[in-house]
Structures are given as C-alpha cells and as structure tokens.
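Following: one structure in structure tokens, then a few remarks.
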Amino acid sequence: MLTFNSLQLITLISNFFWPMIRVLSFFSVAPIFKEKLINRKSKILLSGMISWLVWPFLPEVHTVLFSYFGFLLILQQILIGIVLGFTAQLLFATINLSGEIIGLQMGLSFATFFNNNSQIGTSIISRFLNILALFVFITLNMHLYLISIVIDSFYSMPIDGYFLNVNIFFILLKFSSSIFLNGLLLVLPIMIILLSISFVMSLLNRLSPQISIFSIGFPLNLILGMLMLYFLIPVMLPFLKKILDDLIFFMNNNLLHI
C-alpha cells in the first residue's frame, strides 16, 4: 500500500502545478485555443492532460509553492506562456490589419461583425481573411506545432533556476515589425489600385463637376476590390504558409534560446 505524507503530497501537486500554469497561460492567448467556443473547462482539462504527461520528465522544482519565491515563479510561468501565445497570435493580428485596410479602401468599413474575442467590431473582409488563415493554420497542423513548442520550452526555459531574459521582448518587437511588414506587402497591390481609382475619380470631378463621383466611385471600388481579392486568394495561401514557417522557425530557434 502506497502512503504519502503531507510534504510528499505538496511536492507532487506543485510539480504538476508549475507546468500547468504555463500551458494554461499559453492557451489563454494562443490562436484557436483562446477562442470562446472552447470553454474554460476544456482549456483547463487540456492543459491538465498535457501537464500530467510532461511533468514526470521535468526536473524537480525545489521552490516552495506557498512562498514569496513561489509567487514570483508563478508570475514567470504566466509571463512565459503569454509571450509564446502572443507570438503565435501575431499572424492573425497581421491578417486582421490587412483586412481592415482592404475594407477601408473598398468602402466596406461600415460592414462589420461583432468579434466576441476582442469585443469590438471587425470588418467583413478582415473576418473573411481571418477564417481563411484559420483554415490554413489547422490544415498545416500548426496547433500541434505550438503545443510541441510549449513542451520544448520546459527544457530551454526550465521552471526552476531560470530567469526570463529582458531581451526577449526586444527580439519579439523586431519580429512583430517584420510580420506586419509582410502583411502590408500582401495588401499593397490592392491599396495601389484602389488609391489610383480614387485619384482618377478626383480628376474626373475636376474635369466635369456634374458627374456624381459617389455614385460611380463606390461601386467601382467595390467591384475592383472584390476582383482583386479573387486574384489575391491563390497568392495568399503560399504566403500564409511562408509566414507560418517563419513563425515556427523563430519560436524554435530564437524565442526558446534566449
């Protein structure tokens, strides 16, 4: 018969508790996992299952759970999980920004959906591109790659005896700027064409003021914008795959080795 004293029981619970905090923090901000369609009980259950599979292979944590250093260690696990999840979320933030820019140029900024996650209105173009990116994300099994990265982080960023490097935020800021730049390059052709149409409409208004620019310009921008989106989608799929590959490479080779 197995017997446990109180110290052994607290040690067992704490060794399971530390990885669960990091995984649960990651699920709270990571793409797909942070969706409200996945309720809190499912997130806690999934993070508990992953932690239960991982913690026997991790070094023993000597920090006392109910102590000052234990509280600091909890904060560090939360911060590491949020940083990893936020890095993965950069792709969808870029897609949302690209969709907002396209919708604004097409004159569809008024056509919005209420986003339950951000609690703000999202343009219909942004929502469409976000769903497309989500399909690509799931098709390439990127959610499984993200889970493996979180598990690898326990070895490159150990729970005990590791202090989070401040340089991680500067490296993340530099990488996020490159991601957003790629997103702008994706929508740049549509922006140039629609801005050219607006410029031509302004010239027509100067040459013949009796022409109703609003009755011509709005449907023209809408038709050309939808036509450009039609040609953009085949180009967007390999573009998204490249960004996702760069994202996984950055998290594996840069973020986990700081």
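The backbone N, Cα and C atoms fix where each Cβ goes, and this holds for glycine too.
Over in Swiss-Prot, the protein carries these features:
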type: TRANSMEM; residues: 10-32; note: transmembrane segment
type: TRANSMEM; residues: 44-66; note: transmembrane segment
type: TRANSMEM; residues: 71-93; note: transmembrane segment
type: TRANSMEM; residues: 128-150; note: transmembrane segment
type: TRANSMEM; residues: 154-172; note: transmembrane segment
type: TRANSMEM; residues: 179-201; note: transmembrane segment
type: TRANSMEM; residues: 211-233; note: transmembrane segment
Stretch contact, the transmembrane segment (71-93) with the transmembrane segment (211-233), Cβ-Cβ under 8 Å, 3+ pairs: no
Winner by Cβ pairs under 8 Å against the transmembrane segment (154-172), considering only 10-32, 44-66, 179-201, 211-233: 44-66
Interface-richest range of 10-32, 44-66, 179-201 toward the transmembrane segment (128-150), CB pairs under 8 Å: 10-32
